[in-house]
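Reviewing the structure listed below.
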Amino acid sequence: MKLAVIPGDGIGVEVTAEALKVLRKLVPDLETTEYDLGARRYNATGELLPDADLAAIREHDAILLGAIGDPSVTPGVLERGLLLNMRFALDHHVNLRPSQLYPGSKSPLAAQPDIDFVVVREGTEGPYTGNGGAIRVGTPHEIATEVSINTWFGAERVVRYAFALAQTRRKHVTLIHKTNVLSNAGAIWTRAVETVSAEYPDVETAYCHIDAATIYMVTDPSRFDVIVTDNLFGDIITDLAGAVTGGIGLAASGNIDASGTNPSMFEPVHGSAPDIAGQGIADPTAAILSAALLLRHLGRDGDAARIETAVEADLASRGDSKVVTSEVGDRIAAAL
């Protein structure tokens, strides 16, 4: 297995080291190439994602990312120039966000044992394509636009991914949108679900407005199995999903090219947390769960399940003890 590793900034370096520790336990022939991308390189050279690095990254089976971001860089520079650029260049059209309540979780819904759903978010369209602008800036007549791009091709392939995933789970897909107001984009998404669902007669479907979905995710999260939604609504609902299941510190994610043409990227949802970087107290659990997602994406379901079982046992045994980054990685690796 050839793995491109982007530790990134802040605690990304520390948590990635623990994820690699776990991966190497299960994949002895793992070949890794590290890429220095993020705030440090940008501050030193002005480079964000050089063409040579992108071309080299394409030659790997998958990508493991730590975290990107630093107070020394203007907000938005790294996000647009590195993360979004990579997402579009590698056609990571599926953003996959599992949301499971683990034992010992600090979730406010910890008393509800059956929280286990996945959000499938479209990753390359919507209002995040940069299709907008502003005129008369600084005047009372300033106008700003952000155009949301929705295509049949983009919606259908993400919906198809969601149905295939649901068939391996509880066989239920919920489309989340705002079709009563966003009627043009909503029509594409609704027809995509109707079209693909005809090929999966054993998968039930449901629809939920985004505002109602935020209520149900708190009051009745077990109603969800696989959620499919667009880029903007997915961006919002996945953070709520993280809070419901104990916080984004435990949240793993995958940025996936479902066609397999490009390597997919896996990363913890949490940020670079520069305030605790270098102290050895960052929880690497989300990075380790991201490694499990990576293995499952590459067809190593058994190894992924072993990691998830070890993580579940580790979380259940922690109690109120303080997290030491390397010790968490050691315990989970030893449990394999």
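The backbone N, Cα and C atoms fix where each Cβ goes, and this holds for glycine too.
What you see is a predicted model, and the numbers here were worked out from it, not measured in a lab.
In three-state terms derived from DSSP, R97 (substrate binding site) belongs to an extended strand segment. Neighbours of R97 (substrate binding site), defined as other CB atoms within 10 A of its CB across all chains, total 22. Annotated substrate binding site per Swiss-Prot: R87, R97, R121, D211, in sequence order.
Taking Cβ-Cβ distances under 8 Å and a sequence gap of 6 or more within the same chain, the neighbours of D211 (substrate binding site) are K178. Under the heading Mg(2+) binding site, Swiss-Prot lists D211, D235, D239, citing sequence analysis as support.
Cβ environment of A277 (NAD(+) binding site): D9, G10, I11, V13, E14 lie under 8 Å away, each six or more residues apart in the same chain. Feature annotation from Swiss-Prot assigns NAD(+) binding site to G271, S272, A273, P274, D275, I276, A277, G278, Q279, G280, I281, A282, D283; the stated evidence is sequence analysis.
Residue environment of Y128 (site 'Important for catalysis') contains 20 other Cβ atoms, counted within 10 Å of its Cβ in all protein chains. Positions annotated as site 'Important for catalysis' by Swiss-Prot: Y128 (among others).
Per Swiss-Prot, the feature site 'Important for catalysis' maps to K178 (among others). Other C-beta atoms found within 10 angstroms of the C-beta of K178 (site 'Important for catalysis') number 17, with every protein chain shown included.
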Name the one residue among R121, Y128, D235, D239 whose Cα is closest in three-dimensional space to that of G271 (NAD(+) binding site); these are the recorded positions.
D239
I need the CA-to-CA distance for R97 (substrate binding site) versus Q279 (NAD(+) binding site), whole Å please.
28
Using only C-alpha positions, which one of R121, A273, D275, Q279, I281 is spatially nearest D235 (Mg(2+) binding site)? These are the binding-site residues in the record.
R121
Any idea what the Cα distance is from A273 (NAD(+) binding site) over to R87 (substrate binding site), rounded to a whole Å?
22
